[in-house]
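Trainee: Relevant sequence annotations retrieved from Swiss-Prot are reproduced here:
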REGION    1-20  region 'Disordered'
DOMAIN    23-143  domain 'MTTase N-terminal'
BINDING   32, 68, 106  [4Fe-4S] cluster 1 binding site
DOMAIN    170-402  domain 'Radical SAM core'
BINDING   184, 188, 191  [4Fe-4S] cluster 2 binding site
DOMAIN    405-467  domain 'TRAM'
């Protein structure tokens, strides 16, 4: 998952009561797709309380920062933002006005009271498992409390979140995220997720289908199922049998209006036969798979507690491509994990060559407090990490550009997602996730049209519509 920073657009929380004219919220999102989804659900919850969204903190009564804790710089971004908000809050106070500041997400879960110590201007700290309590927490803040809500709730948060209004969902577009699973039980030694998101929890089939049907009714054509370890999802199916993610995908594909399905992020250990069968038989399931491996060295994979070997990963990729030859792969890589030798790194480079990724994310290892990796010895020098990352990214970039170039001349169906920058231009999404720009097009957002790729842009494809 990427670490792009986004914000909730004003359309995502509309006026629902007379109080809406006096209370505005600005939600800023750091981190992964799950955080984007969580921010949308928090916006829905606040809309039910009479808040309207604004695209700037300048006129907001509530600023909510939904944070990421995967890498150190994400925490640094939070405290930098809080420093700027402190000045804004002080200026408001000088004018006799109030600004409520809340911190949500994984940094909130990891640091809790420490956030209030480092940033006393913060009024509210709320974790990813308790944000359904946000309205109550804000009421306590208005009563003069400093609130920290980071316990793991006994109740099911999804049962306590209001469903977004149809008009609100419609304004979010024709592609949507849907969280089906949270948490992780893998305990990779570099990762904070088990400590910030908790143990693996799967939502029920009933909940998932109901939310998917609401999204489809609002015009959503493409669903991306989310989870920290999404292919670990399991639950009792409508036929009384135990279902895995493969069976769930087949069920969602039956919902009228849903034309495309994706899922992220996966673990190689949980790619079972039913999920591979879904890739073989389900045309709505797009031929793009994010399957992180982190390293190509068995020794480093063991130190990371990844629970698989490099050749097992490669054999899995072969199985998937045997049933879906047009499958494109993306992945995650960490360089400079403690003890990584030159040979370990070369093993990673070879695995990348063997797989030939369409896209990948790569990072230098940075120890996260509280993880087993932080206590490992034999740390790799920063200069060595830098050199290895540069080499790896050069190889991955070459593969990405080659993949884009391989699209030239191909014909494909594209889901139109939004107008382009120029008049008559539309931007769509290819089956392989790349944005596609189509000129002189009269079709509407939500239409799926047949195009031919004629050239490439920077991380995009240029297409002509076919009759």
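Quick reminder: no glycine exception, Cβ is built from N, Cα and C everywhere.
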Trainee: Report, as a single number, how many Cβ atoms besides its own are within 10 Å of the Cβ of residue 32 ([4Fe-4S] cluster 1 binding site).
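Mentor: Other Cβ atoms within 10 Å of residue 32 ([4Fe-4S] cluster 1 binding site): 22.
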Trainee: For the C-alpha pair, I'd like the distance in angstrom between residue 184 ([4Fe-4S] cluster 2 binding site) and residue 32 ([4Fe-4S] cluster 1 binding site), rounded off.
Mentor: 15
Trainee: If I take the alpha carbons of residue 188 ([4Fe-4S] cluster 2 binding site) and residue 32 ([4Fe-4S] cluster 1 binding site), what is the distance between them in whole Å?
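Mentor: Cα-Cα distance, residue 188 ([4Fe-4S] cluster 2 binding site) to residue 32 ([4Fe-4S] cluster 1 binding site): 18 Å.
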Trainee: How long is the line from the C-alpha of residue 68 ([4Fe-4S] cluster 1 binding site) to the C-alpha of residue 191 ([4Fe-4S] cluster 2 binding site), rounded to the nearest angstrom?
Mentor: 12
Trainee: Counting Cβ neighbours within 10 Å across all chains shown, tell me which of the binding-site residues 106, 184, 191 comes out on top.
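Mentor: Its Cβ has the most other Cβ atoms within 10 Å: 106.
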Trainee: Taking helix as H, G and I and strand as E and B in DSSP, count the residues of the domain 'TRAM' (405-467) in helix, strand and coil.
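Mentor: Split into helix, strand and coil, the domain 'TRAM' (405-467) gives 2 helix, 33 strand, 28 coil.
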Trainee: Given residue 191 ([4Fe-4S] cluster 2 binding site) and residue 106 ([4Fe-4S] cluster 1 binding site), what distance in Å do their CA atoms have, once rounded to a whole number?
Mentor: 12
Trainee: Can you tell which of 68, 188 has the most other C-beta atoms within 10 Å, given these are the binding-site residues?
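Mentor: The residue with the densest Cβ neighbourhood is 68.
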Trainee: Within the domain 'MTTase N-terminal' (23-143), how many residues are helix, strand or coil going by DSSP?
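Mentor: Breakdown, helix to coil: 65 helix, 24 strand, 32 coil.
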Trainee: Taking only the residues in the domain 'MTTase N-terminal' (23-143), give me the average pLDDT of this model.
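Mentor: Residues in the domain 'MTTase N-terminal' (23-143) carry a mean pLDDT of 92 in this prediction.
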